[in-house]
Amino acid sequence: MTPPFLLVGLLLATCSLIVMASDPSPLQDFCVAALNSTVLVNGFPCKDPKTVTADDFFSERLRNMGNTTNAFGFNVTLLNVNQLPGLNTLGIALARVDYAPWGLNPPHYHPRATEVITVMEGSLLVGFITSNPDNKLFTKRLEKGDVFIFPRTLIHFQQNVGNCYAAVLSSLSSQNPGAVTIGRAIFGSNPDIPDYILAKAFQVDKQVIDELQSHF
(Lines of atoms letter the chains of each structure in order from A and count residues from 1; the text may use other names and numbers.)
(Lines give C-alpha, C1' and ligand atoms only; values in the text may rest on other atoms or scores of the structure.)
Protein backbone atom coordinates (compact mmCIF):
# COMPACT_ATOMS: atom_id res chain seq x y z
CA MET A 1 0.00 0.00 0.00
CA THR A 2 1.34 3.44 -0.98
CA PRO A 3 2.03 5.69 2.05
CA PRO A 4 -0.34 8.72 2.23
CA PHE A 5 2.56 11.19 2.28
CA LEU A 6 3.82 9.74 -1.03
CA LEU A 7 0.41 10.14 -2.66
CA VAL A 8 0.28 13.74 -1.49
CA GLY A 9 3.76 14.33 -2.91
CA LEU A 10 2.80 12.87 -6.28
CA LEU A 11 -0.36 15.00 -6.36
CA LEU A 12 1.60 18.18 -5.62
CA ALA A 13 4.16 17.32 -8.29
CA THR A 14 1.39 16.79 -10.84
CA CYS A 15 -0.24 20.10 -9.95
CA SER A 16 3.13 21.84 -10.26
CA LEU A 17 3.61 20.45 -13.77
CA ILE A 18 0.14 21.63 -14.78
CA VAL A 19 0.83 25.13 -13.49
CA MET A 20 4.22 25.27 -15.24
CA ALA A 21 2.67 24.20 -18.56
CA SER A 22 1.06 27.59 -19.27
CA ASP A 23 2.19 31.20 -19.50
CA PRO A 24 3.28 32.75 -16.18
CA SER A 25 0.42 34.50 -14.37
CA PRO A 26 0.78 38.08 -13.14
CA LEU A 27 1.34 38.62 -9.42
CA GLN A 28 0.65 42.35 -9.66
CA ASP A 29 -1.48 44.67 -11.80
CA PHE A 30 0.98 44.47 -14.69
CA CYS A 31 4.51 43.42 -15.54
CA VAL A 32 5.60 45.40 -18.58
CA ALA A 33 8.40 43.48 -20.27
CA ALA A 34 11.94 44.77 -19.87
CA LEU A 35 12.89 43.62 -23.36
CA ASN A 36 16.55 44.61 -23.05
CA SER A 37 17.18 42.83 -19.76
CA THR A 38 19.98 40.25 -19.68
CA VAL A 39 18.17 38.22 -17.01
CA LEU A 40 16.98 34.87 -18.39
CA VAL A 41 13.49 33.90 -17.22
CA ASN A 42 10.43 32.18 -18.69
CA GLY A 43 9.07 35.30 -20.37
CA PHE A 44 10.55 38.69 -19.53
CA PRO A 45 11.42 40.39 -16.23
CA CYS A 46 9.34 43.40 -15.25
CA LYS A 47 10.19 46.95 -16.17
CA ASP A 48 10.38 49.36 -13.21
CA PRO A 49 6.71 50.39 -12.67
CA LYS A 50 7.85 53.98 -12.12
CA THR A 51 9.03 54.14 -15.74
CA VAL A 52 5.91 52.57 -17.28
CA THR A 53 3.78 54.78 -19.56
CA ALA A 54 0.55 54.35 -21.51
CA ASP A 55 2.62 53.63 -24.63
CA ASP A 56 3.71 50.33 -23.07
CA PHE A 57 0.10 49.17 -23.47
CA PHE A 58 -0.55 50.70 -26.90
CA SER A 59 0.16 49.71 -30.50
CA GLU A 60 -1.01 50.86 -33.91
CA ARG A 61 0.68 47.89 -35.56
CA LEU A 62 -2.60 46.29 -36.70
CA ARG A 63 -4.09 49.38 -38.33
CA ASN A 64 -2.90 48.75 -41.86
CA MET A 65 -3.21 45.87 -44.29
CA GLY A 66 -0.11 43.70 -44.64
CA ASN A 67 1.72 42.97 -47.90
CA THR A 68 0.17 39.86 -49.49
CA THR A 69 2.33 39.79 -52.63
CA ASN A 70 3.93 36.40 -51.98
CA ALA A 71 3.51 32.85 -53.22
CA PHE A 72 0.68 32.12 -50.77
CA GLY A 73 -1.09 35.48 -50.99
CA PHE A 74 -1.32 36.19 -47.27
CA ASN A 75 0.41 38.17 -44.55
CA VAL A 76 0.51 37.86 -40.75
CA THR A 77 1.16 40.99 -38.68
CA LEU A 78 1.94 39.64 -35.22
CA LEU A 79 1.49 41.59 -32.02
CA ASN A 80 3.08 39.66 -29.18
CA VAL A 81 5.10 40.65 -26.13
CA ASN A 82 8.08 41.56 -28.31
CA GLN A 83 6.06 44.29 -30.03
CA LEU A 84 3.78 45.22 -27.12
CA PRO A 85 5.63 44.88 -23.77
CA GLY A 86 2.45 45.39 -21.76
CA LEU A 87 1.35 41.87 -22.76
CA ASN A 88 4.02 40.33 -20.54
CA THR A 89 2.52 37.71 -18.14
CA LEU A 90 -1.01 38.34 -19.46
CA GLY A 91 -1.10 35.16 -21.56
CA ILE A 92 -2.38 36.67 -24.79
CA ALA A 93 -1.16 37.85 -28.18
CA LEU A 94 -2.90 39.26 -31.24
CA ALA A 95 -2.36 39.12 -34.97
CA ARG A 96 -3.87 40.59 -38.10
CA VAL A 97 -4.00 38.20 -41.05
CA ASP A 98 -4.60 39.62 -44.52
CA TYR A 99 -5.42 37.55 -47.60
CA ALA A 100 -5.25 38.42 -51.27
CA PRO A 101 -8.11 36.99 -53.37
CA TRP A 102 -7.85 33.19 -52.98
CA GLY A 103 -4.83 33.65 -50.73
CA LEU A 104 -3.92 30.82 -48.37
CA ASN A 105 -2.52 30.69 -44.84
CA PRO A 106 -1.05 27.19 -45.25
CA PRO A 107 -1.37 24.35 -42.72
CA HIS A 108 0.43 25.23 -39.50
CA TYR A 109 0.03 25.03 -35.73
CA HIS A 110 0.86 27.07 -32.64
CA PRO A 111 2.90 25.10 -30.07
CA ARG A 112 1.92 27.32 -27.15
CA ALA A 113 -1.55 28.69 -27.94
CA THR A 114 -5.18 28.18 -28.82
CA GLU A 115 -6.26 30.62 -31.54
CA VAL A 116 -9.60 32.40 -31.97
CA ILE A 117 -10.17 34.31 -35.21
CA THR A 118 -12.80 36.94 -36.02
CA VAL A 119 -13.42 37.71 -39.68
CA MET A 120 -13.15 41.46 -40.31
CA GLU A 121 -13.60 41.36 -44.10
CA GLY A 122 -14.28 38.77 -46.77
CA SER A 123 -15.14 35.07 -46.85
CA LEU A 124 -12.84 32.30 -45.65
CA LEU A 125 -12.70 28.52 -45.72
CA VAL A 126 -11.03 27.39 -42.49
CA GLY A 127 -10.35 24.08 -40.83
CA PHE A 128 -8.32 22.07 -38.36
CA ILE A 129 -7.33 18.40 -38.08
CA THR A 130 -7.47 16.34 -34.90
CA SER A 131 -4.54 14.24 -33.67
CA ASN A 132 -3.82 10.57 -34.47
CA PRO A 133 -5.40 8.14 -35.02
CA ASP A 134 -8.60 9.86 -36.21
CA ASN A 135 -7.11 12.86 -38.05
CA LYS A 136 -10.64 14.22 -38.45
CA LEU A 137 -11.04 17.42 -40.45
CA PHE A 138 -13.36 20.11 -39.07
CA THR A 139 -14.01 22.78 -41.68
CA LYS A 140 -16.33 25.77 -42.05
CA ARG A 141 -16.97 28.67 -44.38
CA LEU A 142 -16.84 31.98 -42.52
CA GLU A 143 -18.27 35.39 -43.37
CA LYS A 144 -17.66 38.86 -41.94
CA GLY A 145 -18.22 38.89 -38.17
CA ASP A 146 -17.94 35.11 -37.76
CA VAL A 147 -15.69 33.53 -35.12
CA PHE A 148 -13.80 30.23 -35.24
CA ILE A 149 -11.51 28.41 -32.77
CA PHE A 150 -8.35 26.45 -33.53
CA PRO A 151 -7.44 24.31 -30.47
CA ARG A 152 -3.86 24.46 -29.23
CA THR A 153 -1.26 22.46 -31.24
CA LEU A 154 -3.75 21.23 -33.85
CA ILE A 155 -2.87 21.77 -37.53
CA HIS A 156 -5.11 24.34 -39.16
CA PHE A 157 -5.45 26.57 -42.23
CA GLN A 158 -7.42 29.45 -43.70
CA GLN A 159 -8.11 30.34 -47.34
CA ASN A 160 -9.81 33.37 -48.83
CA VAL A 161 -12.59 31.98 -51.04
CA GLY A 162 -13.56 35.27 -52.64
CA ASN A 163 -12.36 37.64 -55.32
CA CYS A 164 -11.84 40.47 -52.82
CA TYR A 165 -9.28 40.93 -50.06
CA ALA A 166 -10.06 39.37 -46.69
CA ALA A 167 -8.78 39.95 -43.16
CA VAL A 168 -9.13 38.41 -39.71
CA LEU A 169 -8.20 39.43 -36.19
CA SER A 170 -6.53 36.57 -34.37
CA SER A 171 -6.37 36.21 -30.58
CA LEU A 172 -3.89 33.68 -29.18
CA SER A 173 -3.69 32.33 -25.63
CA SER A 174 0.01 33.00 -25.11
CA GLN A 175 2.16 36.11 -25.06
CA ASN A 176 4.51 34.20 -27.41
CA PRO A 177 2.41 31.57 -29.25
CA GLY A 178 4.96 30.49 -31.86
CA ALA A 179 4.08 28.97 -35.23
CA VAL A 180 5.22 25.90 -37.14
CA THR A 181 4.30 25.84 -40.84
CA ILE A 182 4.08 22.18 -41.84
CA GLY A 183 5.52 22.36 -45.36
CA ARG A 184 8.38 24.65 -44.38
CA ALA A 185 9.22 22.62 -41.27
CA ILE A 186 9.33 19.29 -43.11
CA PHE A 187 10.81 20.28 -46.46
CA GLY A 188 12.73 23.40 -45.45
CA SER A 189 14.42 22.37 -42.21
CA ASN A 190 17.99 23.47 -41.53
CA PRO A 191 19.79 21.20 -42.26
CA ASP A 192 17.51 19.19 -44.54
CA ILE A 193 15.89 16.02 -43.28
CA PRO A 194 17.52 13.28 -45.41
CA ASP A 195 15.43 12.67 -48.52
CA TYR A 196 15.36 8.89 -47.99
CA ILE A 197 13.69 9.40 -44.60
CA LEU A 198 10.98 11.64 -46.05
CA ALA A 199 10.58 9.37 -49.07
CA LYS A 200 9.81 6.46 -46.79
CA ALA A 201 7.58 8.57 -44.53
CA PHE A 202 5.48 9.80 -47.47
CA GLN A 203 5.83 6.62 -49.54
CA VAL A 204 7.14 8.44 -52.63
CA ASP A 205 10.36 8.45 -54.66
CA LYS A 206 13.33 10.46 -53.38
CA GLN A 207 13.12 12.59 -56.53
CA VAL A 208 9.72 13.85 -55.37
CA ILE A 209 11.20 14.85 -52.02
CA ASP A 210 14.18 16.56 -53.67
CA GLU A 211 11.78 18.59 -55.82
CA LEU A 212 9.73 19.62 -52.80
CA GLN A 213 12.82 20.56 -50.79
CA SER A 214 14.04 22.74 -53.65
CA HIS A 215 11.01 25.01 -53.14
CA PHE A 216 11.93 25.73 -49.52
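Placed from the backbone N, Cα and C atoms, the Cβ positions cover glycine too.
Bond annotation: of Cys15, Cys46, only Cys46 is listed by TrEMBL as forming a disulfide with Cys31. When pLDDT is averaged over the domain 'Cupin type-1' (60-210), the result is 96.
For the binding-site residues His110, Glu115, His156, a Cα-Cα cutoff of 10 angstroms around Cys31 (disulfide bond) retains nothing. For the binding-site residues shown (His108, His110, His156), fewest C-beta neighbours within 10 angstroms: His108. Within the same chain, residues at least 6 positions away in sequence whose Cβ sits under 8 Å from that of Glu115 (oxalate binding site) are Ile149, Phe150, His156, Ser170, Ser171, Leu172, Ser173, Pro177.
For Cys31 (disulfide bond), the count of additional Cβ atoms within 10 Å of its Cβ stands at 23 [all protein chains shown].
Looking at Asn105 (oxalate binding site) and Cys46 (disulfide bond), their Cα atoms lie 34 Å from each other.
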